[in-house]
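Q: For 24-1110, the entry in Swiss-Prot reads topological domain 'Extracellular'. Look at Swiss-Prot and you will find G70, Y73, S265 tagged as Na(+) 1 binding site, backed by similarity to another entry. For H126, H186, H1003, H1005, H1047, the entry in Swiss-Prot reads O2 binding site, with the evidence type similarity to another entry. The annotation Cu(2+) 1 binding site is assigned in Swiss-Prot to H126, H1003. Under the heading Cu(2+) 2 binding site, Swiss-Prot lists H128, H186, H1047, citing similarity to another entry as support. Per Swiss-Prot, Ca(2+) binding site is recorded for K134, D152, D153. Marked as N-linked glycosylation site by Swiss-Prot: N164, N236, N588, N714, N758, N829, N873, N931. What Swiss-Prot records for C180-C206, C285-C366, C534-C560, C637-C718, C877-C903 is disulfide bond. Taken from Swiss-Prot, the feature Cu(2+) 3 binding site applies to H188, H1005, H1045, supported by similarity to another entry. According to Swiss-Prot, the domain 'Plastocyanin-like 2' annotation covers 218-366, on the basis of similarity to another entry. If you look up Swiss-Prot, you'll see H304, C347, H352 marked as Cu(2+) 4 binding site. Residues or ranges marked as domain 'Plastocyanin-like 3' by Swiss-Prot: 370-560. Residues or ranges marked as Na(+) 2 binding site by Swiss-Prot: F416, G425, Y428, S617. The Cu(2+) 5 binding site annotation in Swiss-Prot covers H656, C699, H704, M709, and the record cites similarity to another entry as its basis. Feature annotation from Swiss-Prot assigns domain 'Plastocyanin-like 5' to 731-903. According to Swiss-Prot, the feature Na(+) 3 binding site maps to F769, G778, an assignment based on similarity to another entry. Annotation comment: Swiss-Prot describes 911-1067 as domain 'Plastocyanin-like 6', evidence class similarity to another entry. Per Swiss-Prot, the feature Cu(2+) 6 binding site maps to H1000, C1046, H1051, M1056. Taken from Swiss-Prot, the feature phosphoserine applies to S1145, S1150, S1155.
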Amino acid sequence: MESGHLLWALLFMQSLWPQLTDGATRVYYLGIRDVQWNYAPKGRNVITNQPLDSDIVASSFLKSDKNRIGGTYKKTIYKEYKDDSYTDEVAQPAWLGFLGPVLQAEVGDVILIHLKNFATRPYTIHPHGVFYEKDSEGSLYPDGSSGPLKADDSVPPGGSHIYNWTIPEGHAPTDADPACLTWIYHSHVDAPRDIATGLIGPLITCKRGALDGNSPPQRQDVDHDFFLLFSVVDENLSWHLNENIATYCSDPASVDKEDETFQESNRMHAINGFVFGNLPELNMCAQKRVAWHLFGMGNEIDVHTAFFHGQMLTTRGHHTDVANIFPATFVTAEMVPWEPGTWLISCQVNSHFRDGMQALYKVKSCSMAPPVDLLTGKVRQYFIEAHEIQWDYGPMGHDGSTGKNLREPGSISDKFFQKSSSRIGGTYWKVRYEAFQDETFQEKMHLEEDRHLGILGPVIRAEVGDTIQVVFYNRASQPFSMQPHGVFYEKDYEGTVYNDGSSYPGLVAKPFEKVTYRWTVPPHAGPTAQDPACLTWMYFSAADPIRDTNSGLVGPLLVCRAGALGADGKQKGVDKEFFLLFTVLDENKSWYSNANQAAAMLDFRLLSEDIEGFQDSNRMHAINGFLFSNLPRLDMCKGDTVAWHLLGLGTETDVHGVMFQGNTVQLQGMRKGAAMLFPHTFVMAIMQPDNLGTFEIYCQAGSHREAGMRAIYNVSQCPGHQATPRQRYQAARIYYIMAEEVEWDYCPDRSWEREWHNQSEKDSYGYIFLSNKDGLLGSRYKKAVFREYTDGTFRIPRPRTGPEEHLGILGPLIKGEVGDILTVVFKNNASRPYSVHAHGVLESTTVWPLAAEPGEVVTYQWNIPERSGPGPNDSACVSWIYYSAVDPIKDMYSGLVGPLAICQKGILEPHGGRSDMDREFALLFLIFDENKSWYLEENVATHGSQDPGSINLQDETFLESNKMHAINGKLYANLRGLTMYQGERVAWYMLAMGQDVDLHTIHFHAESFLYRNGENYRADVVDLFPGTFEVVEMVASNPGTWLMHCHVTDHVHAGMETLFTVFSRTEHLSPLTVITKETEKAVPPRDIEEGNVKMLGMQIPIKNVEMLASVLVAISVTLLLVVLALGGVVWYQHRQRKLRRNRRSILDDSFKLLSFKQ
């Protein structure tokens, strides 16, 4: 049997007995209790060492007032007890905060949770990462179950329930995973509100032997274990909001719960429920192994970059000093701290940093010998000055992509470049890091290849073993510093200011002062074996990180393996290097805001009338400080190896999907069309361009692209360059696709939503999206969709059979292999021009986009070169997307979008299915913004009130009502067709597009999956962002109907959830029945393909049947031998007991005889 078939066969055998365990039974007694929780028990901002009264920002959250709650709230949390009397509480570490106790288990173990609810409303406990049946899911939603299977869904006040969870091999950490995986548990009656109320805790599942036999168990592979929740805890969603207002506001009647400033004061930017450094100290020893279990929860604003100052983390084999955390994202990071001291942990998202998401951790020497100095490399000296300049965001004066004047009236660019008595225009005072030749700071360094750096400082480069020495001269008017990522430094050289208890509260240069920084690159700071040869990092000023970086002080830093840099300091094996910073530079938060307003001679009377519009005009959506393709053109040759070093910075809206039009890139050996950036994250993407022409680099988030976050790169055929071998293609597959206009219903059946919420219509979360009352449009909209036809006559639609039913609004799943030519014959049967444009493929047209007018037929040819298919670390197939690109934003929101999968050669079978999978599902998670559809006015006329003119299209409620939080165009479990059999191999193509709010963390209940990045990693949540396309694979193991949903709070309530069903193996014998509230549909089993036979629920090639039978026979014989051996042991024990009884009987008789004789 081939290794791939053997692997899947063994995985399937494992799924046959998911609950067979050979480990311990770990029993926990958890009580749900109401408590009073203080987010800042020390009563001050610990980071700045300021009392609340003198800290304006901290006091806005923590000081109570007549209409402010302050820093103390009633919450409901999980507590652990020693037994079922629930009287003797188990003490928890103080730093765990309001989190529930840490639940721990190994593979093969059973976890029994005795849950008792001492609170005043129903709650549950629902886990991630473990196996459970319906009676232990702890999640309330309509799933067709009843009776005892629903008892776990809602434990009433005073009630109790026992939850039974197991950790079978199908949920175990993989070989590539760390010894223990990070998960969570939480209440799931109304999950967003339950969690906001406080019901959440950590859970780890470990490999066998990772835990010792103590109670509670301790890990044997690490010395310290820490669990941190990063979350903007929204107390406005707490079940106790009204009670908290009544208790803590001195004038409760004056409170307006809809007031935005009141709501903001209740959003606590917390780590484990503590803000502004109030988290009790996290202590550890230098040179000891530390495991950090990091997780997030919350809403769209919960984009977190946790920065560990002074140390290095390892996650999934890669070195980093930051961790990206999103709602229901779990990160397991390992650290061996080297530098003693008190260090900062902070979320580097600007607004979160400002609002208190910071804590301290302390590394003690613990009498350890100081580490051996392993710095055997060079001392690399840099002379860098902070220099104030006037910066022009659009020096060309026109859009480099379209040629239009930036100040063209009515254009989007005019909003940013208009110069008037109420607008500054495109030129601002800023400050920039600049490189000089020596310590005299007389002669600047000018390199032609650095022209594209723009506002960025010079590139600092070093290899492992090197020392970086930076002489920093602050020639600006504010104190500034230099704080690096990715290198080591002692406390004396740290560039961030905070209260660490030392005499060095941050090395900062005052105006016209020089300071020297010393950073080192020991071996444990360099790239790992899984990392590329060079790692991309960043340095920035952190005297005031938010104002300093918005003023312009940021630059790139490159750390490479020893020998990776040439004599000229450039990376070997790379022809071109480009460093690009994607950020919305907020000039309102610059040190020079007042100076810029004064220089523009603004009329402050006009400003006061439109302060919001003025502030928005100062938020510059820039790449290296340039908008609308004004970045100097990035030139390269066809076949070059190009390294793109990408940097992120900013606030929670700075979620950037960096798209490379015309060519693809590799990230860590995985093929991508986009690289995701968040504040203080860094990515290196490798491109080998094979597509000649001029293309855009842009942020995929639609509003960012519209606002000018675009640049141009050019690929030329250069003389003297060795021609790359020409890829050979062969005609392979033809698709006939029509754009047709339909009436689309996002939620044709509201029964699931109504049963789930069990509320009146107006009180339902879905009312605003689904009602057609009060001037709202309801759930039905005119849209345009891609649909497949049988041939070029476009007369017979290709029917969507069972496997395609789930596609919903999406066009057909187009598939190809490397080396194929895909031909798409497109007929536009809609009422306006549309096109078909695909990511990832090599489009043969020289005109982009090639549009079809209404009634016109256009043929597209897509070649599939090697760089379109899976990279060395990818799965067998990678997912892409296609859509109409005449107006990419309006066309897509109108409905014209579909999935595309490109596979390795030989993976696809003649009928188009994958030979290595039994099922394939393509899911698009997108907030369809009907306000940006071409058909908005028609929809208002058709579905609005009788007088369409009475509807205010800019009304906030109306705008929100038209944002449909959909999975394949359906809300509230209306998507059908996600059905599979137990033991089947399932590939999920997970797609996301849209805006910065399209942050989606998708959780599969009851199942885990494998995510491939060179190695396989276990997860049950996949993170999606605009322009990201992921492939995850699972073996369906748990029969039942289960929930799949986005874990972002607002998205849950808005209906971004659906059901998938796993049918048991016995149901293979009968038609597969999908029960809905509308009708019952029978979906016949898939046909058995020629040359295959069906065994164990799988289609097995005939040539492998004998081998699989042999494996099954061997397993059967092994089990038989085990049974015989156990039987022998039992017989032997029984015989020994019988002999002992006989001996005792003989002895008794002997004693009696002796007694008688005496």
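Every residue, even glycine, has its Cβ placed from backbone N, Cα and C.
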Q: Give the three-state DSSP assignment (helix, strand or coil) for Y428 (Na(+) 2 binding site).
A: strand
Q: Would you list the other residues of this chain near Cu(2+) 2 - those whose C-beta lies within 8 angstroms of the C-beta centroid of H128, H186, H1047 - in sequence order?
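A: These residues sit around the Cu(2+) 2 site: H126, I184, Y185, H188, A191, I195, I200, M297, A328, H1003, V1021.
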Q: Going by DSSP, is N931 (N-linked glycosylation site) sitting in a helix, a strand, or coil?
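A: DSSP assigns N931 (N-linked glycosylation site) to helix.
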Q: Please report how many Å separate the Cα atom of N714 (N-linked glycosylation site) from that of C347 (Cu(2+) 4 binding site), as a whole number.
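A: About 37 Å separate the Cα atoms of these two residues.
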Q: Take the C-alpha atoms of H128 (Cu(2+) 2 binding site) and H1005 (O2 binding site) and report the distance between them in angstrom, rounded.
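A: Cα-Cα, rounded: 8 Å.
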Q: What other residues of the same chain, not counting H126, H186, H1003, H1005, H1047, have a CB atom within 8 A of the CB centroid of the O2 site?
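A: My list of surrounding residues reads H128, S139, H188, A191, A328, L1043, H1045.
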Q: Mind tallying the domain 'Plastocyanin-like 2' (218-366) by DSSP state, helix then strand then coil?
A: 25 helix, 65 strand, 59 coil
Q: Quick one: what's DSSP say for F416 (Na(+) 2 binding site), helix, strand or coil?
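A: DSSP assigns F416 (Na(+) 2 binding site) to helix.
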Q: How big is the gap, in Å, between the Cα of C347 (Cu(2+) 4 binding site) and that of H1045 (Cu(2+) 3 binding site), rounded to a whole number?
A: 26
Q: Among the binding-site residues H128, H656, which residue has its Cβ surrounded by the fewest other Cβ atoms within 10 Å?
A: H128
Q: What binding-site residues in the list H352, H1045, H1051 lie within 10 angstroms of H1005 (O2 binding site), counting C-alpha atoms?
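A: Qualifying among H352, H1045, H1051: H1045.
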Q: Quick one: mean pLDDT on the domain 'Plastocyanin-like 3' (370-560)?
A: 95
Q: Including all protein chains shown, what's the count of other C-beta atoms within 10 A of the C-beta of H1047 (O2 binding site)?
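A: Result for H1047 (O2 binding site): 27 other Cβ atoms within 10 Å.
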